[in-house]
Amino acid sequence: DASSIKKLSVELPDSVPVPAMGRKDSWSLGEGQAPDELEKPVDNPPLSTLLIESPQSGTVTVGDITFVAKVEAKDLLRKPTIKWFKGKWMDLASKTGKHLQLKETFDRITKVHTFEMHIIKAKDNYAGNYRCEVTYKDKFDSCSFDLEVKAGTGSQNIDIRSAFKRSEGQEDAGELDFSGLLKHNQEHKQQDDTPEVDVWEILKNARPDEYEKIAFMYGITDLRGLLKRLKKIPKEEKKLEFAKKLDPAYQVDKGGKIRLVVDLADPTIELKWYKNGQEIRPSPQRYIFEHKGTQRIMVINNCTANDDAAYSVVAGDEKCSTELFVKLPVKIVKGLEAMKTTVNERIELECEVSEEGAQVKMKNGVEVPTGVRSRYRVKCEGTKHFLVIDDASRDDTGTYSIMASGGTSEAHVQVDKPLKIYQDLQDMTVLLGQPIKLHCEIYPGNVPGRWYRNGQLIQPSDRLNIIHRNRVHRLEIATSSLHDAGDYTFVPEGYSQSLSAKIHIIPPRVHLDSLNFPDNTVTVVAGNKLRLEIPISGEPAPRVVWMKGERVILESGHRVHAETHGDQTSLTIEVTEREDTGNYKIVLQNEAGEATASVKIKVVIPDAPDAPLVPVVGGDWCSMTWEPPKYDGGSPILYYIERKKKQSSRWMRLNFDLTKETMFEPKKMIEGVPYEVRIFAVNAIGVSKPSEPSKAFTPLVTSEPTMLVVDDVTDTTVTVKWRPPETIGAAGLDGYLVEYSIEGDDWIVSNKELTEKTRYTITGLSPGCKILVRVKAINAAGASTPRTLQHAILVKEVVPPKIRVPRHLKQTYTRKVGETVNLVVPFMGKPRPKVTWLKDGKPIEASQVTIRNTDCDSIIFIRKAERSHSGKYEMTVQVENHVDTAIIDIQIVLPGPPQCVNIEDVWGGNVALVWTPPKDSGNAPITGYTIQKADKKTMEWFTCIEHYHRNCITITELVVGNEYFFRIFSENMCGLSETATQTKKSALIVKELQMKIPEYNDHDFKEAPKFTQPLINTFAVAGYNTTLNCSVRANPRLQPKVIWMKNKITIIDDPRYRMFSSQGVCTLEIRKPSPYDGGMYTCKAINELGEAQVDCKLEVKGFTFYELMQRGVPLNLIDKYMTETKVVEQEK
């Protein structure tokens, strides 16, 4: 009942202690708590928001007062527990009576619990701090409030001077004598209604050292009682905004997170944070503001050096400040290095950090002890840190690490027993086929060891013998081979020391020093014969190959051929030509290895000059220049020049007197006709080949460019574009020159090199300036008349707008009726674009859809979607004359029920239902139906089938004798329809008639094998795996036997072939085929009903001579392979 009120009333016993200043019937709520403790703050646990209305502090003048607390019971299963306290711990439930009453009420409509505490005829000793605590299971909430009791108006007329006079017969009254004061109250009224002087105000405003003087002045003799009374008068303290301020300073590592926390006395006051006097705005990545009860927290993420500053927080008129210091992490610049040593040696590990005075830790599994008696010493020199072990032992072996705040480093230290070496291994140079003997002697002699060659362990064999006798260790090889060359190492077992030596096998050699030519370069005049004879050596006699580039010089050549006789080889060129110039390579090969050498042959003849340049073209003349030839043949060079028309093939000599200058001016040319020129170099050796012709040029100056316009402008760049000149000479255009002038100053060339494009961007401009731009067309005849913009350009960026529609909004955005629609569409543009929204071509009503626009995105929000919100929303973003649009299709869906459900037929325990689709599909296609049935007697609905897609169904297994109703829900992507369509008539199930079911014979599905995909003729590359595939059908599937054949011969247990079959697909894999694997392949499938087979041809393509040379195959192997390949082809 909403009006039900619970009253708790308990009379206080007579034995309640009476305060010294009260009467017997007075009641004190502050018993057990000293008055001085009332002013201390009470530590409250964190709130969990159970209280929706908290008790408020109040003031009463010796009368009644009520405190109210309210708790919302919407999410609570039972009534919460409430306790009232005075001070820290005094429970008021035991103090209820005529002066204190606790009440509880519950409103069933609003579901709110109301708790009240009534204090009747409050007295001075009732004043103080109170607390209300509410608990429900694991939730807790509390609230503190104050009660202030002011004295009545009648007490103001009491004369304080007569009240604090000592009583007769007492040495010390101690306190105000109220009974004597009340007895003589009438006398005071008759003598004097009000005291002439307000002594209390004088005492409140006076210093403590003046109390005695004021008491003597006004005739107050009970000074001790006066002081006790002054102490009990509540002091008016200044209200503090902060219950807890910031610490004086904070420190955080770079990249870390720091939390600055203050506690407010009043949680409703507005708070602002400042950094170096500048207000801090919240941002999701850097500054995050949090509220927890009365606490206000600012979190700084990813602290950097810029965050090292002074921070302050202002609440009302009060301010507190702090300093934040960002500490950079100490990084290890140079890490520890692994080392090996022996017993009794000194170990010194060194590392370098990024900061002096950094705190680091040295560890060897555990922290290294560095006491006075410890063998470990740690020293620091600036940024370098050292760990020193003076007298190392084998126990010092291990992994040592150093840790700093910015990283770690570790190294392994190996301490072994000392090893004495009497004789070390010696390096050797051995001829191919000679024996090799390596010998060493160490102490102690009973130590075994292992031999290694190039890091690989050596095992004894018939050719290689390992001997260990006392202190002597030997490795003997009877006959050396090319593979025996390398680095040999002997490692004693149990020691980190090792002995090493290098064995060198002498390979074949080419003796080019006998040529006596500098840099092995042979120079010959063109047309002469050249023969080079070069000594060679090698055991056994090496094979010799001469090569120029990738071309091999054969002995059977006509003009150029090579010969080898005994210990020398020769190269002969019968008539030298300029093409014979180049590097010639000699390759020697035998079992010992391979040697190469190069000889450079230079055929002397002047080089042809480079193509001449024509920098200036006039009306009937031009100016041409060229560079001298790269090689002059050792003789001074002269030149003569030829000229021809571009369409002609006839060259005409221009100077009959040779010139030594590298420039010339042809004259008497026809205007508008394109020409070409070339150069010949002449010296004592002969005439060079002609140079390449120059670029065609025409004696005609081009016109100016056309249609010069501005294409784009930013804060620092301007982009212009234009069209080619209307008149272009036959010589064409070399490019364009772009110039600009800043507000009437001199013209500045923007492109140092000519541009062939008709669009150019001028960079490096100052924002806000105005420039003029002009463009010139350049060709061989010179620069055209410039084309200049009519108006100056203001350098200011205008970024065209661009809407970036999210991927999920490019398709139809579907939501169910009643759901929230919150869409964010980002865009770009500069300056800030103007954004407008239209729905189906009409403005959007603000009462139905909320739209918020920022500099970079637009948000459309619908709190509760309805069917009317469906449609096409058009977003338009405009920056000056630039516009971009996007369309977002929003569909709010909710399906309707089927239109009509009919019972089509009833037979046996079955009912046939037919219905028509819903009239309203809810803006989404119908995905299915849910059919339910109900017995007419109970009308309890049960689901027969869900997610049914057709519009007719037969319901089976119905009980005979029952009568059923049916209803159907429609379903789409958002769920079932709110209502269902029910059949108007019911279906009565009667006893079914029995029917004789005919018998049917099973069909035989067996069939003989048949290939559905035959084998295909295949070409394979030698050395690369290839597969043959086909597919076969047979029933039963597991019965057919598959046989593969090559050239009509069955393939059985051949490791080069791998056969497998899966789901009727038969595969034969040939691993790294060679030309021998080519042929006719057959796949045969057999079962009890018959057999089938398919054939294909496989050809394996080999390598060419050039490909084998590129792979580095020796010539003898190439020759063998080519011979075998020809034999195979002839056999085929």
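Backbone N, Cα and C define each Cβ position, glycine as well.
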Candidate ranges 15-46, 143-174 [criterion: TrEMBL lists as region 'Disordered']: 15-46
Range from 418-500, 608-701, 897-993 with most C-beta pairs under 8 A to the domain 'Ig-like' (801-889): 897-993
Helix-strand-coil residue split for the domain 'Fibronectin type-III' (608-701), DSSP-based: 0 helix, 32 strand, 62 coil
Helix, strand and coil residues within the domain 'Ig-like' (418-500) as assigned by DSSP: 3 helix, 43 strand, 37 coil
